[in-house]
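Colleague: Quick one: the structure is below, and I'll ask about it shortly.
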Amino acid sequence: MSTVLDTRSFLRWCWRQLTSMRTALILLLLLAIAAIPGSLFPQRSQNPIQVKQFFAENPETAIWLDRLSLFNVFSSPWFSAIYLLLFISLIGCVLPRSIEHLKAIGAKPPLTPKYLDRMEFYTEIKKIDLDKVEKFLRKKHFRIRRDENSISAEKGYARETGNLLFHLSLVLILLAVGIGSLLGSRGDAIVNVGDRFINTPTSYDILSFGKYQAEDSLPPFSLTVTDFKAEYDPVTNAAIDYELTVLTANPAGSKEIKKIIKVNQPLAYGSTKIYLQANGYSPIVIVRDKSGKIIFDGPTPFLPQDANLSSIGAIKIPDMDPQIGFVGSFLPTADRDPIRGGFSSYPEVLDPRLLVSIWKGDLGLNTGIPQSVYRIDTSKMERIGLKALVLNESYDFGEGSITFTGWKSWVNLQIVNDPGKGFALVGAILAILGLLISLFTRQRRIWVKQSGKTQVAGLAKNGIPGLEQEIDELVKEMSNER
Amino acid sequence: MSDNSAALLSNNLIYAAMLFYTLAFFAHAVEVAWSVKTPAKSVKKTKLDFSRTERIGRLASAFMVIGFLFLLPGVVFRGISANRVPWGNMYEFSITGALAFSAAYLFALKKYKLRWLGLPVAISVLLTLGTAVTLLYRPSAPLMPALKSPWLAIHVSAAIISGGVFLLANCIAATYLILDRYEQKGVRPVWAEKLPSLEVLDNLSYRLVALVFPLWTFSVIAGAIWAEAAWGRYWGWDPKETWAFITWVAYAAYLHARVTIGWRGRKAAWLCLLAGSTFLFNYIYINVWGTGRHTYSGL
């Protein structure tokens, strides 16, 4: 029997500890501290390549850091524990207060205390008419409890309203983040200018779904990239503007409409948005076999390595025997220096060069292990040539030939569905509103009591200034009236 | 006016502003130094002769105002030269930040009688402008595509103003801690006699933080709305976002500590300094050495 009681009182004690302000404060500070490693170590969610690099450079420490989730800080158990405890503490604190506050809305201010002289700003003045005081305070939107010999007036309930609104909005934001990650999807697709993208899972290079998001729930639009313009500053080489023109239909097959997508101007289909996230070049090559038959003819997207779009990539020809692979660099405006070798000196295509090293052997495409499309595993291959090609130049590498015939631009479309973001926005707006109301509303009480003379006193919550002047004004006004 | 001459004018105005902030710095230094002398016969601190430094103090404030009046068009012309709001790189953040900081000071100077704070304010503004023109200067240039958005004006201005006021609150909290240490040992040094009481300092730094915390919240939210349009997500724990969050949480902790638990004085001042330093860390470290999407071309 007593153990049951003990358990219950222990749980109650725990709950009281958790919902106490001191605990909340400690959790808040812990949350701030726990976020720090997320900015110091590379995070998988943002920069998986940097994480891999970290592993390559410090393999032993990296394993330990990984065990502590330091590469996934914001989804780690300890970070989640802190914010979940914080939110439980917040709800445990705010819900009872909300109920109390709702009850208090209709209630009158508390009774006038017996000894006003112990309160702040106590003054004694000549007797004044309580009716006039009441009228004066009502005009100033005080709530009033009028007793026979006293008035108890209070103003500033909105402070608590704002405070509660703010905290409840934070809960809404947390829920919105949850909705987004459980019901959303996010994917990337690289599309060459001139190509068509149909929104099905197989069209993506990378695609991830939330836990409760079905794979067939993608909106059925199609999108043809008709033009991509990039404008650069000729002095600094920095990009000034990107403009992507597409013909799009929703659902695919219906009438196509021309749309422009820019960096700050995504295309939206419901809660799904299509973003222009990156761009680069796809050199076009024709590969022929020994007999001169065309085996491959088309663009291959290369990955930009720097601001001037020096790009690297791989052209894989598994249909030749032996298999052929080209490890290449594409330089839109070729330049040379003795240390770096070939590099690009401007991001636009002014003097293009395609550098290829040619490998023959086994491309390793049938091993079942997924491979990067930008790299070739050359462990089972032999290098048979190295060549820098200018436009329309051919090179014969014995097993066949390669001709560099042109280039296309490619764009990286990021397609994101976040059904939670509307709630997050509403939550954020309400949070600011609540914050403003609670920080700029002054809650205070004024009491006026008749006992021979008239006693006036007040109380300002949190010692917020301004009450003294208010009482002075009241006293002055009442004294002048007579 | 051509873009080039506007940029040149902006540079000259900023140099002129620095001259006046330097004069303000010396005037404030003289004011502080001279008030040390007590009248020979009386040791009573109430009889300290402050009137002799009153004039130079006023002059210092006048220099601060003139400095501000040069800095303001300096920032405006920088914007005109690039045909956009003047906060596209760290040089521009710095000059605008210095402007916001001195505006916050001048605003509070009138309202809260803050002339005593002039010395640290002048030093901070001079250091910021000095670093900006020597280390961070970049020729005026158009924006990169990701920054081309009306949110640039909204998000960054809110962040800069919040930063200016946070740092002012930090200066006051630091002053609190220094004076508190003196008072614990005994009495304040003579030069500090004219400074407000500890309670006033404590309240002042709190009030500045409470005033600007909603603006900082707004700045973070505006950033999130912009990130949703530009980067495809409203929150992605980019280093800058992470530290903005840390600053927000730290100030939230400060406000709770003060309002709900009732921390006053030393503890509150330390927490205020801690929160402010997370802002500075974000501004300096993450901008210069950090990675992530908030790092733009050459600072």
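Along the chain as shown, residues are numbered 1 onward.
Just so it is clear, glycine is given a Cβ too, placed from its N, Cα and C backbone atoms.
Sequence annotations record features per position, and here TrEMBL assigns domain 'Cytochrome c assembly protein' to B:87-294. Summarising the annotation, TrEMBL assigns transmembrane segment to B:12-36, B:56-77, B:89-109, B:116-137, B:152-179, B:204-227, B:242-261, B:268-286.
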Colleague: Could you pull out which residues elsewhere in the chain have a CB under 8 Å from any CB of the transmembrane segment (B:56-77), counting only those six or more residues past its ends?
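Modeller: Cβ under 8 Å, 6 or more out: 6-7, 9-11, 13-14, 16-21, 23-24, 27-28, 30-31, 34, 86, 92, 95-96, 98-99, 102-103, 105-106, 109, 115, 118, 121-122, 125, 129.
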Colleague: Residues of the same chain, at least six outside the transmembrane segment (B:12-36), with any C-beta under 8 angstroms of its C-beta?
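Modeller: Distant contacts of the transmembrane segment (B:12-36): 48, 50, 52-53, 56-57, 59-61, 63-64, 66-68, 70-71, 73-74, 77, 95, 102, 118-119, 122-123, 125-126, 129-130, 132-133, 189-191, 193-194.
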Colleague: Short question: most Cβ pairs under 8 Å with the transmembrane segment (B:89-109), which of B:116-137, B:152-179, B:242-261, B:268-286?
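Modeller: Stretch with the highest Cβ contact count: B:116-137.
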Colleague: Could you tell me the mean pLDDT the prediction assigns to the domain 'Cytochrome c assembly protein' (B:87-294)?
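Modeller: Taking every residue of the domain 'Cytochrome c assembly protein' (B:87-294) together, the mean pLDDT is 88.
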Colleague: Cβ under 8 Å to the transmembrane segment (B:268-286), counting only same-chain residues 6 or more beyond its ends: which ones?
Modeller: 93, 97, 163, 166-167, 169-170, 173-174, 176-177, 180, 202, 205-206, 209, 239-240, 243-244, 246-247, 250-251, 253-254, 257-258, 292, 294-295
Colleague: Which residues of the same chain, at least 6 past either end of the transmembrane segment (B:204-227), have a Cβ under 8 Å from a Cβ in it?
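Modeller: Distal contacts: 104, 108, 112, 149, 151-152, 154-155, 158-159, 161-162, 165-166, 168-170, 172-173, 176, 196, 233-236, 241, 244-245, 247-248, 251-252, 254-255, 258, 268-269, 272, 275.
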Colleague: Would you kindly list the residues that approach the transmembrane segment (B:242-261) from elsewhere in its chain, counting only those six or more residues past its ends and only Cβ-Cβ distances under 8 Å?
Modeller: 159, 166, 206, 209-210, 213, 216-217, 219-220, 223, 267-268, 271-272, 274-275, 278-279, 281-282, 286
